[in-house]
Every structure is written in structure tokens, then in C-alpha cells.
């Protein structure tokens, strides 16, 4: 059995292990009346800055006795969760009405801290039996006033829980802040605050297995699905037009080329060759910076394999909503497991390119001459940057609608669960990237420019640059993110992600171009 096949079988087995790791923290608790149900306070932070989060008790809430940190799994740590026991007691089917859990005199410093948090729309997040709870800590009362110095700031002091159960299981929880029970934190002065909570229980027929459907359905509403399917149709039309155009043009042009070159072989020997056949002795001349090129292909291949495995897990339902840190766990585990693919691909290709201290034959269909031909002068639009702009725009146009929902999920509070549609868009992205890179490679060779290796990689990966440009648009036009920390997180992490896309799609573009170049030069007779 070959090394790649063995490696893939090994990775396939480990993929199921990764799925088990990701699912391991799912709860299936059963309770009796009066049993304690785990409730954890997670974090607080500005609503519009999803990366800027703090511990729940970093704000001067009442800290109960015996606060314990939850032992967190790998995914929860990677997700930035900070789970601690919450100050509320929500025992199973135990109702409470306006029960006071804390009376506290807020100092001037604490009032100021709460006011700053309310001004920035701070929210809190908790988990009750692994079900998420969200809510704002306060509100700003503007009353039609335009001067911020006249605004009033209030802290909510009464939270009302409504919990749905089915037999001995918790199915759903909702939290609502009492708009009439407030603490005025507008002025810097000591304030007496009495914090209360109410708990109501209702029976439901919803089975335990479907309790997460409520969160998944938010991204499957009819008007959202219409937009997603419009995105799919738009992408499919783009692919059909592009592939049809390229197939027709390339088949006609290549057919004419093959006929012309066949006639040339029967004509006089001294007839000058033109077009892509003219550079047959240079087209497989190895590129500059072989080590970097091989390493880029290895990393791109690893990221492509990682993406396929992540899609496999998502399509079988591993990444259900609020499975805390499941995606991060899968990314870390599978990235580590696929590192062998990067090493094997990079070293194998480096050997084929006759890297230093290696001799391995690169199976080219034509012989490479000893000395390279001079590349004729080309117009500006045939240079690398205009070609990259053209190559990146078409694949980006096929995915830009879906990008908004991805960004709103990663950098916002939307829930994204339509992985099947995302997988279709991904396949379309690969097809468009491959076809546009092949077309540009042909035009480059037809212009007698034989340095196509790096060009095909850069053209294929240029979609990553368009995605990063979209980051600028999203940040300034579609989001309310602000502050140095959130800005640095957003552009820093997106730079890493877009670089990953650049390597992955660059590898796809080069592989498609390599297959194409091998095919056309194998089809002609070259001396």
C-alpha cells in the first residue's frame, strides 16, 4: 500500500476520534424535582465587540460564597470561555418569585464601572444545563436627547427566568430583564441595590434531542434561505458561464493549435515556431525559490485536507449550535493530524524539482533545454498583479454573498448552521479558481511567457486578498466594532485566515494549471 493511501486511511480513522472528542462534553442530564441543575456564568463584554470579553465577576456583581471555576475542556479554553458558578439557584422545577439573592451598596467607583459598561452595551452570557442564556446588564435612556451628557444610565436588578422541561429533562431557558426594576447609575455617587430573580417552569412536549433546533432554525428562516439560495444560483450561473466560455474558447483554440502544429511538422524544418509550442523547451523549467514553492504547496495541501475534514464533521452534525469550542477543538486536532500531509507533499515536490541534495525525476512530457529563452516584452495587463486581480475577482464574486453570513457569525452573534449550502459554495469556489487559473495560464504560455509556476499559484490564491479587502468593507460599513483590541483582533486573525485561503487556493490553482500544461504538451510532438 502506498504511503499517501496509508496516511489517508490513518487520518480517516483519527477523524472519527476527533468527532468523539468534539462531542464528548454534550450533556444528557436527567433530574428529579429539586435537584441542582448546573448554571455557570461565562463572560461579559461590549455587544458590538465580540472578541472583547471579560470574566463575569470583573464587573462588581455580588459574588456568592464558594464560587468555583468549572473545569473546562480544550474547546472551551480555545473559545475563551471563563465558566464560574453563577449567583442564582435554579433547581429543577423549583419556582421562585422575586427572590432577593443580594443586597449591596455600590461605591462611586463601582457605579462608574457599571455606567461605562452600560454605555458600551455590555451583555452577559451564562449556560444552564449547557443551554445558552444572553442578556444586557442595563440600558441607556435617551428620551430624544442628542447631548450624551444628558443621557441616563440604568442597571437591571431583576432577571426573570422561564424554563421549559419535558419529564426529567431541561429543554429550553429564556431570560428577560424587568424593565421596571432598575438602578440609576448616571451619577458618581453611592447607590443601594437589591438584586432579585424570578423562576417559572413550564412543561413542553419538545423532545430532548430537538432542544437545540431553536438555535439552528434562526439561520434557516425562509427569508434567510432565499438569500442563501440566491447566492447559490448566482454562483452557479457564474460557474456555468465561466466554464462554458473557457471550455468553448480553449477547445477551439487548442484544436486550432494542434492542427497548426501538426501541419508545421509536415512543413519545412526551418519554419519558425510560434505560440506556446515555441517554449516547449522552457515550460517545465523549474521555478525560482524551490524550497519556498514546495513548502507553500505542502501547506496549501494540508489546509485543503483540513477544510474537507471540517466539512465532513459539520455535515454529520458535530458542530451543533453552542457546542462550546467544538470547531476550535476540531481545527487544532485535525491540523495536528494533517501536518504529515504538508511534510510529505512538500518534500515529495521538492525532490521532483531536483532540490539541493536530492535527485528525483520530474515527469515532464517534453525535454527542458539547457539555457532559458528570453521572454518577449508583454503589455502591462499581462503582468502578475493585473492577472492576480482578474483571477481573484471571479471566484470572490461567487462567494461574497455567503461571506456576509460567515462574518456575521464569526464576528457577531448570528448563528450559522447551513453547512450544506456552504459546502456547495466551497465546491463552486474551487471550480472557478481552477478554471480561471487554467485560462490565464494558457494566455500566458501563448504569449511565450514560460514562467507560469509561481504565476499560477499567485493567481489561484489571489482570492484571499479579495477576502481581506472585504474585511475592510465589513469592518467600516457592516459592523459597529471599535477600539484598539477589537480592531487588532479582527484584522490580525483575518490576515491569518486569508493567508490560509491564499495558500489553499493557490495550491488548487497550481495543480489545475499543472494538469493542463502536462496535457497540452503531451498532445504535441516536440523535438
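Note: Cβ is positioned from N, Cα and C throughout, glycine not excepted.
Any TrEMBL annotation is an automated prediction that lacks curation.
Per TrEMBL, the features are:
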SIGNAL    1-24  signal peptide
TRANSMEM  227-250  transmembrane segment
TRANSMEM  292-320  transmembrane segment
TRANSMEM  326-346  transmembrane segment
TRANSMEM  388-407  transmembrane segment
TRANSMEM  419-445  transmembrane segment
TRANSMEM  457-477  transmembrane segment
TRANSMEM  489-517  transmembrane segment
Per Cβ pairs under 8 Å, the stretch of 292-320, 326-346, 388-407, 457-477 packing most closely against the transmembrane segment (227-250): 388-407
Range from 292-320, 388-407, 457-477, 489-517 with the greatest count of C-beta pairs under 8 A to the transmembrane segment (326-346): 292-320
Sequence-remote partners of the transmembrane segment (292-320) [C-beta within less than 8 Å, at least six residues beyond its ends]: 11, 15, 18-19, 22-23, 212, 216, 326-327, 330-331, 334-335, 338-339, 341-347, 349-350, 353, 355, 417, 419-420, 422-423, 426, 453-454, 457, 461, 500, 503-508, 510
